[in-house]
Amino acid sequence: MLVLLICGVLLLTVQRKYAVLPLLALVCFISGRQCLAIAGVNFYFLRVLVLFFGAARVLMKGELRQFQFCALDRWILAYGAVYWLTGAVNWGFSLAEIKMRSGFLVEIVGLYFLLRVLIRTPEDASTTIRSMALLSIPLFLFFIIENRTGRNLFAIFGGVPEITMIREGRLRCQGAFGHPILAGTVWASFFPLVVCEVVRRGWSRLSSLLSMISIVGIVILSASSTPVLGVVVGGVLLSMYSLRKFTRGVIALLGVLIVVLHFSMTSPVWSLIGRINVTAGNSGYHRYLLVDGFINHWGEWWLLGSTVGASHWGHFTHDTANQYVAVGLQGGIVALFIFFAIIVSSLLSTERICRSDPWLGWCIGVSIVVHCVCFLGISIWGQMHFAWAFPLALAGSLQHAVATTQRRQEQVVAVRTAPVEAIS
């Protein structure tokens, strides 16, 4: 409770460029299950910060005045509306379902728009990402302690198990996160953004090197295939920065390749998911069964989502560890279409950023793609809400800010060079 109050007061009082830091600290060091139970409603700490302290800050400081709507904002609002309505209709406007979906709405829509309002300029984004990089260092130390002792120190505060999970003889560290795969995936998605900031600042600083080691270390100590794959994909895409002009052509070729593979293989193309084997004991085959059941049982969920779940699709398919499957089950084909529209719209926004700041736009886009890859093995829950909303908010805000900054710089240069040209 004390931590929540401290973070809340900081969110209300600090300068705007530092306002995301209390949210980030809460995500990294406080379990996502910490909550206040009031009148049968669970107010998780992140929701409290967004719904009360965040909203109060925005209203008190008048920070909505310069807010500009974009296409991505409209898709986010549409997704939130469909998500809430399908749940209410499917379950007969059950009070329990309405409360649950309303809570998730705060994280899906409210958190995104709070980040959109607080992050307006590349400098705001840079401050937040630098803080993210520095916070990874002490967090990595906690992960090392957990790996060496088999005990999670964050269990003192509740919400996470004290004994570290073991799979195939390897400890799966999770820190304050709800699951090892959740911890690894969150930091795998932060990896491209931190690389962006490190390259801008240079590798000379010790903090830059330590932060990179810490992030990769957190992913490795989570001992999960999904985040490891995410970091690998992120690293490969970052190395392809010089080829960014061919992005659309590469995407088209990948689409053609997937179609060709589907009709040339004896099994469906999505069976390749089951062959991904990055860490020992991974559940790639379960992911394949989940996608296969999702496609073969489309009649159960396409209209408004499913009320029977996925447990009858195959072994362990009750665990919907796939964001695309989870969206379809929760909101039907319309929600799934809107979710894909959010991804496309965000990537188009990063393309606009690339016109003015190519490296920044590329790194934000890579972070979003890392999420898209990881969504094959995890659904959004807990701290993932922040990790997903953050690059989306960057894409939505900076597409206008970067272009405006460039125009101002060009105007300044034009004014300074005008007398020289006149004399010559």
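Glycine is no exception: its Cβ is also placed from the backbone N, Cα and C atoms.
Remote same-chain residues near the transmembrane segment (40-60) are listed as 3-4, 7-9, 11-12, 19, 22-23, 26-27, 30, 32-34, 99, 103, 106-107, 110-111, 114, 117, 383, 385-386 (criterion: CB distance under 8 Å, separation of at least six residues from the stretch ends). Residues or ranges marked as transmembrane segment in TrEMBL: 40-60 (among others).
What TrEMBL lists as transmembrane segment is 72-92 (among others). Proximity of distant same-chain residues to the transmembrane segment (72-92), defined by a Cβ-Cβ separation under 8 Å and at least 6 residues beyond the stretch ends, is recorded for 98, 100-102, 104-105, 108-109, 112-113, 116, 304-305, 307, 330-332, 334-335, 338-339, 341-342, 345-346, 349, 392, 395-396.
The transmembrane segment annotation in TrEMBL covers 98-115 (among others).
According to TrEMBL, the feature transmembrane segment maps to 127-145 (among others). Long-range contacts of the transmembrane segment (127-145) within the same chain: residues 17-18, 20-21, 24-25, 28-29, 119, 151, 153-154, 173, 175, 183, 187, 190, 193-194, 196-198, 207-208, 210-215, 217-218, 221, 390, each at least 6 residues beyond the stretch ends and with a Cβ under 8 Å from a Cβ of the stretch.
Proximity of distant same-chain residues to the transmembrane segment (177-196), defined by a Cβ-Cβ separation under 8 Å and at least 6 residues beyond the stretch ends, is recorded for 27, 31-33, 129, 132-133, 136, 143, 159-160, 165, 211-212, 215-216, 218-219, 222-224, 226-228, 230-231, 234-235, 237-238, 321, 359-360, 363-364, 366-367, 370-371, 374, 377-378, 381-384, 386-388, 390-391, 394. Look at TrEMBL and you will find 177-196 (among others) tagged as transmembrane segment.
Per TrEMBL, transmembrane segment is recorded for 208-238 (among others).
Under the heading transmembrane segment, TrEMBL lists 250-273 (among others).
Taken from TrEMBL, the feature transmembrane segment covers 324-347 (among others).
Marked as transmembrane segment by TrEMBL: 359-380 (among others). Non-local neighbours of the transmembrane segment (359-380) in the same chain are 122, 125, 181-182, 185, 188-193, 195-196, 199-200, 225-227, 229-231, 233-234, 237-238, 241, 244, 273, 287, 291, 320-326, 343, 346-347, 350-353, 387-388, 391-392, 394-395, 398, 402; each lies 6+ residues outside the stretch with a CB under 8 Å from one of its CB atoms.
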